[in-house]
């Protein structure tokens with residue numbers, strides 16, 4: 001598809017995504033910054049329904065995404081709550097998205113990821129005269145849910161101290177029950193709703209075991225939540241799901257939901273969304289009455305998914321057009337001849353090495369999580385540092401470096417043992433390049449990266465949307481992230497270069513269709529990591545407990561990485577066919593994909 005058609009399609013899709021996000025113009029959305037304390041600051045999207053005013057005051061709800069999630073990951077919740085007349089603040093938690101790092105190593109516990117400061121600000125500021133200060137609430141998923149219950153504890157203790165109502169009228173906890181403990185619940189002076197996935201992978205940390213751990217009808221965590229409002233003689237021994245206990249008018253309302261979902265998918269389910277909407281409809285008497293099943297957020301997800309697909313397609317004609325400039329046209333070389341057609345012996349060698357590579361990729365990922373804790377202790381301990389500050393990406397980087405080096409070694413071994421003796425010529429690899437061409441290739445790769453993200457920033461400025469689907473997103477970033485990219489790029493590049501070398505130097509055969517060749521390369525590159533997910537969830541399905549418990553979040557990270565790993569060989573082959581060399585592909589893909597990875601996780605940069 002031509003560049004201009006892709007750009008037009010991207011603009012149209014972004015416009016419709018924005019239209020859904022603003023409820024067809026009924027909600028004003030603006031990016032806000034709140035400077036808190038000790039050099040910390042919080043960015044949030046303010047969703048203000050047009051019917052909210054100083055005369056017609058609306059409830060206020062702070063939405064807190066979970067660990068490794070930016071504000072856009074829960075925009076669906078903001079869309080639906082604001083459609084019902086609530087003023088919504090969708091925050092970037094501390095150390096995530098555009099917000100600063102936190103001065104606390106346990107920011108969700110001690111600061112609510114910044115929510116405590118935001119609630120205080122809204123409650124005390126004259127800038128929020130359209131907000132009913134008696135109806136402030138908070139909701140969050142996963143660690144965002146922990147932040148919500150910690151907020152009820154924090155503001156409950158404050159209310160006890162000053163003999164007043166808690167600033168937090170109501171909270172909703174999604175995907176987190178670890179802190180539903182007596183010493184915390186006793187301080188809560190807020191209505192509490194709890195939603196927990198019946199198949200939550202993190203349930204092994206709960207008090208019961210196996211499948212019982214996530215069963216909220218019998219879980220001690222849910223029983224304590226409900227029984228915290230009752231006298232001893234009135235306490236229950238089994239929770240009735242979807243039922244309100246207590247009295248929402250005196251802030252003793254309690255309700256438990258238990259949707260049949262996995263943890264990462266819970267925020268993106270119609271039933272789970274309906275349960276949350278029903279909760280806030282009840283405790284806040286939503287200004288705009290809509291049925292809880294009346295939801296439009298799925299359309300916004302569809303359009304931003306289209307954005308993501310279009311943005312990846314955009315890279316190809318963008319690069320092709322730049323190659324037409326005289327400065328870059330010298331990079332276009334004759335495409336080297338492919339490898340000889342495979343015979344039965346070469347097929348055995350090929351598949352043996354492919355399976356070996358995938359197996360190594362599979363068995364080395366989790367150990368690298370442990371190695372990263374030793375090599376990068378500051379980030380692993382959530383201390384602020386300029387030395388590789390991304391706790392969750394550090395093991396991915398080590399895995400990529402190791403497997404990239406192993407991939408090059410396997411490539412060379414297969415050549416010297418078999419390929420060299422069977423007609424494989426090194427000229428087919430596309431390695432030959434002089435210093436001038438390498439310099440121009442690097443400039444071209446950087447140019448594509450800059451233009452790709454420049455288009456994204458323009459889209460975000462115009463429509464306040466980016467490219468994403470659920471928790472996988474391509475988002476704008478703060479300038480400091482360029483330094484982070486430079487830090488991680490050389491080590492990740494080993495893997496990206498290795499992939500380009502193998503995809504174009506050992507997986508391109510005479511007589512084999514391009515589509516089959518690329519598909520095999522995609523499976524080869526992603527198969528090892530995909531196998532980890534398969535093992536994790538097969539064991540979970542049979543036992544009720546995931547295989548990898550301590551590092552279960554690292555396994556969850558693979559939901560976003562595996563698709564990128566599958567697509568990578570496609571891009572490396574396309575850029576090889578454009579230039580006849582293997583260098584441009586890994587430069588472009590490493591810059592773009594690692595920035596995507598880096599902007600979708602926690603980063604513990606020092607405060608200024």
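Each residue, glycine too, has its Cβ placed from N, Cα and C.
As recorded in TrEMBL, the features of this protein are as follows:
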SIGNAL    1-17  signal peptide
TRANSMEM  302-323  transmembrane segment
TRANSMEM  348-376  transmembrane segment
TRANSMEM  396-418  transmembrane segment
TRANSMEM  438-461  transmembrane segment
TRANSMEM  481-498  transmembrane segment
TRANSMEM  519-540  transmembrane segment
TRANSMEM  552-571  transmembrane segment
TRANSMEM  583-605  transmembrane segment
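Remote same-chain partners of the transmembrane segment (552-571), defined as residues 6 or more beyond its termini with a Cβ less than 8 Å from a stretch Cβ, comprise 67-68, 201-202, 204, 263-264, 312, 315, 365-366, 369, 392, 395-396, 471-472, 496, 499, 503, 507, 518, 521-526, 529-530, 532-533, 536, 546, 585, 588-589, 593, 596-597, 600-601.
Most Cβ pairs within less than 8 Å of the transmembrane segment (519-540), among stretches 302-323, 348-376, 583-605, belong to 348-376. Residues 67-70, 95-97, 100-101, 315, 319, 331, 378-379, 382-386, 389-393, 396, 433, 438, 441-442, 444-446, 448-449, 452-453, 471-477, 480-481, 484-485, 488-489, 492-493, 496-497, 499-500, 557, 560-561, 564, 568, 571-576 of the same chain lie 6 or more positions beyond the ends of the transmembrane segment (583-605) yet place their CB under 8 Å from a CB of it.
By the Cβ criterion (under 8 Å, sequence separation of 6 or more), the transmembrane segment (438-461) is not in contact with the transmembrane segment (481-498), since fewer than 3 such pairs are found.
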